[in-house]
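Positions annotated as transmembrane segment by TrEMBL: A:33-53, A:59-80, A:87-104, A:110-133, A:140-158, A:178-202, A:233-252, A:264-282, A:289-308, A:314-332.
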Amino acid sequence: MTVDTRTKPADSPVAEPAKKRFSLPGWFGPWEFALLGLVVIVMIAGAVTSPFFATGENFAITAAGAVGLSLMVVPMAWLMIAEEIDLSIASVFGMCGVIFGLSIENGMPLALAIILAVVVGAIAGLINGFLTVDVGLPSLVVTVGTLALFRGIAFILLESRSVSDLPLEFTQFAQGNIPGTLIPNGFIVFLVVAIVAGIVLARGSAGRKTYAVGSSVEVSRFSGIRVKRVKRGLFIFSGSVAGLAGVLYAGYVSSARANNGTGLELSVIAIVLIGGVSMYGGKGSFIGVMLALLLVTTLTSWMTLGYVPTNIQYTVIGLLMIGAVVLPALISKFKNAVLRRRG
Amino acid sequence: MTVIPGETPTIATQGELLVSVSGLVKRFGGVTAIKNGSIDLYRGEVHALLGENGAGKSTLVNILAGIVRPDAGTIIVGGEEVTIANPRQSRALGISVVHQHPVLFPDLTVAENIMFADAPPHNRAGLLSWKGVEANALRAMTRLNVHLDTSELVKNLSSAEQQLLEIIKALSDDTALLILDEPTAALSKREVKSLMEVIARLKSEGVAILFVGHRLDEVFALADRVTVSRDGTTIVTGPVADFTPESAVTYMVGRALDSVFPKVDVVPGAVHLEVKGLTREGSYENVHFSVRKGEILGLAGLVGAGRTEIARGIFGLDAIDGGEIIIGGTPVTIHSPADAMRHGVAYVPEDRTREGVILDQSIQFNLSLAVIDTLTRLGLISPTKDRGLSTSFIERLGIRTSGPAQDVSALSGGNQQKVVLAKWLSTDPDILILDDPTKGVDVGAKSEVYRIVSTMAQAGLTIVLISNELEELLAVSDRVITFYRGRQGAEFTERPFDAEKVLASMTREVSDVNAR
């Protein structure tokens with residue numbers, strides 16, 4: 001308490017601006033820069049090694065196939081910035097697809113079936129939110145439980161059957177492109193969700209509160225932010241988007257099955273972590289997460305074209321994720337060591 | 001450097017010179033913590049080292065404890081010049097330190113806590129000998145004539161008892177110098193008495209005791225000699241009789257107290273905040289007070305007297321079990337900080353780094369946190385308003401920073417506190433509750449914080465001030481109410497306040513009806 005060496009730079013206002021010759025903008029820091037570099041490397045490597053990689057068809061197929069995954073990445077980024085997690089997201093995805101299929105099978109109009117599935121997703125999110133926020137359990141534990149619960153409900157409802165008799169106009173939409181282009185319709189849905197969510201996260205008061213809650217629940221509470229309401233809202237957001245994604249996916253594969261999207265939550269979380277969101281909340285940019293999504297999907301596409309076995313693909317993504325988690329920890333250790341030496 | 005003559009050992013300092021430190025210099029990076037430190041410690045004396053935050057006291061303690069190595073200067077222990085390279089060497093020289101932050105295990109018993117000070121005793125099977133643990137604890141306590149229940153959990157002890165336990169833990173058989181670094185608990189007179197008994201016992205064994213702190217009442221009750229340091233330099237040293245509380249403060253601060261805490265006279269307006277019978281079970285009971293516009297009401301009490309809890313109740317952080325909060329003449333219900341803010345209440349919390357600011361976010365982020373919804377249009381924050389808010393407050397409060405984008409963690413404690421103040425002033429409050437707003441900041445920043453508070457009082461804000469620094473509280477407040485264990489004590493309305501009487505009321509040494 002006598003002397004705090006860290007406080008000194010603040011007391012000499014000249015020190016800081018002097019070294020600011022070149023700096024990246026806040027929303028595009030070194031992490032985003034590195035991810036962009038990796039994306040470029042994968043793109044070039046793919047284009048050089050495979051004649052099929054750098055084609056419009058390949059990108060269209062990759063994008064269409066990844067719509068479900070991509071949509072779920074969006075709310076997961078928000079949740080993890082708020083220092084929460086939703087491991088049940090892919091189970092909600094599966095369950096809502098099943099609800100959608102069964103509603104259609106029982107003669108419900110298409111629009112109503114979609115809305116019902118999304119509402120069920122929102123309720124699933126509400127349950128996660130209630131158990132986490134109001135009962136006060138860690139979301140990691142709660143959503144491990146609901147991961148099994150929601151998947152179980154999907155199997156109880158549909159068993160090992162599948163509903164393939166979906167309305168033609170819907171499957172055509174889910175599988176089709178914007179007329180005259182190679183851009184998949186589902187990708188546009190993702191783009192709309194992602195752009196709105198990205199802008200609000202970076203610039204909106206909801207986004208600011210999410211960062212605040214993830215940085216410090218106490219300070220947020222002391223600042224009059226309704227922490228519980230923010231977190232509950234995020235879980236509901238996560239459930240609804242997972243519901244929508246599940247419906248779109250069922251249309252894309254023309255089949256609602258209880259096991260749709262099994263295990264997808266791990267890829268979603270891996271992408272958010274690779275995107276630079278801290279496990280401890282409060283840190284990370286939406287741009288980074290989007291770049292990580294691009295990196296993982298293009299890398300997967302390249303490996304698939306090169307006949308790399310799925311197991312190896314998993315290993316590569318796993319290594320990337322470990323790297324994304326270990327690297328910041330190492331950097332901060334190194335920084336501290338340097339500071340201490342100067343100490 | 002003025003050294004008061006009269007180093008002639010008084011009755012209490014008859015011992016030989018034990019430790020002599022001179023010409024000490026210690027730099028941390030570009031900051032000089034100690035410029036010219038010197039102190040002499042005699043066997044069997046209680047020596048108080050006084051100084052404000054930043055005076056270099058803790059660095060001196062850390063040097064003697066072997067945690068920090070000095071850049072220059074000599075340390076003589078028992079007539080021989082020594083270098084203290086690590087804590088083990090420090091202990092070997094007979095130096096025992098009770099550190100500033102408690103190092104007790106709250107969920108273990110008294111005996112178990114004492115056990116961790118030495119190698120735990122084993123039985124023949126190589127397992128921990130509980131009999132030995134018990135015996136060691138009893139032996140250590142008997143030496144000081146302290147009798148705590150060895151099987152009591154430490155968290156159930158009073159803060160004074162915990163302090164005694166810290167001392168017992170720190171002592172070893174060959175302790176020659178015991179250093180008490182800023183004992184945190186404010187003690188009642190009765191508790192000071194039991195501490196004095198322990199200290200007297202150690203004195204009679206010839207142990208030198210270095211008492212580091214800034215709480216004057218304790219110092220004057222305990223010390224034989226006093227050394228004051230300021231800005232890393234030893235300013236004065238002499239027998240305690242040569243000092244008065246006022247002169248000690250003047251030495252510590254370098255100027256008289258009223259120039260540090262300028263008191264601006266404000267003619268108070270109408271009563272704006274009133275609490276009636278406010279009760280929260282287990283925290284506080286039947287609290288009544290009212291505060292006028294432009295008035296600063298000081299809440300005095302020991303740590304744990306319920307003052308912070310009352311503030312939390314008014315701010316909607318904890319539920320209240322009974323009573324009324326009346327703001328501007330109308331009773332209000334407050335269930336959350338958002339409710340409180342709607343009624344114009346702002347609360348600068350006790351724990352700055354946990355409750356006040358997010359350290360790893362920017363000044364701008366922190367400053368706009370409480371008013372974020374007012375800076376938006378269609379849900380999006382206006383970057384110009386956001387930035388404008390922080391630049392204007394950085395200027396208004398004189399926050400020393402490279403700009404609004406700087407992380408709060410890079411600021412000094414005083415500037416961090418100004419960010420918290422700015423965050424709350426940005427809500428344009430009518431009522432400002434300040435909970436220990438100068439904790440851990442240096443005297444310059446203290447003065448600045450209170451200057452801002454004075455300005456707010458002049459602007460007609462209703463201010464409730466809680467502080468553990470009694471001198472500050474008395475210097476700044478218009479009126480003072482004391483609390484003791486959740487109960488309201490006396491009210492003092494006449495400035496200047498009688499510190500003795502306020503302290504007595506805080507510790508219930510007078511009209512002690514309800515104390516157990």
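Glycine is treated like the rest: Cβ placed from N, Cα and C.
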Q.
At a threshold of under 8 Å on Cβ distances, which of A:33-53, A:87-104, A:140-158, A:178-202 pairs most often with the transmembrane segment (A:59-80)?
A. A:178-202
Q: Give me the stretch from A:33-53, A:264-282, A:289-308 with the greatest number of Cβ pairs under 8 Å to the transmembrane segment (A:314-332).
A: A:264-282
Q. What parts of the chain pack near the transmembrane segment (A:110-133), using Cβ distances under 8 Å and only residues at least 6 beyond its ends?
A. 84, 86, 88, 92, 95-97, 99-100, 103-104, 139, 142-143, 146, 150, 167, 169-170, 228, 231-244, 246-247
**Q.** Distant-in-sequence neighbours of the transmembrane segment (A:178-202), which means Cβ under 8 A and at least six residues beyond its ends
**A.** 27, 56-57, 59-60, 63-64, 67, 70-71, 74-75, 77-78, 81, 210, 241, 244, 248, 252, 285-287, 290
Q) Hey, which bits of the same chain come close to the transmembrane segment (A:87-104), Cβ under 8 Å, at least six residues off its ends? A) 68, 72, 75-76, 110, 112-114, 116-118, 120-121, 124-125, 128, 140, 143-144, 146-151, 153-154, 157-158, 162-163, 165-167, 238-239, 242-247, 249-250, 255-265, 268-269
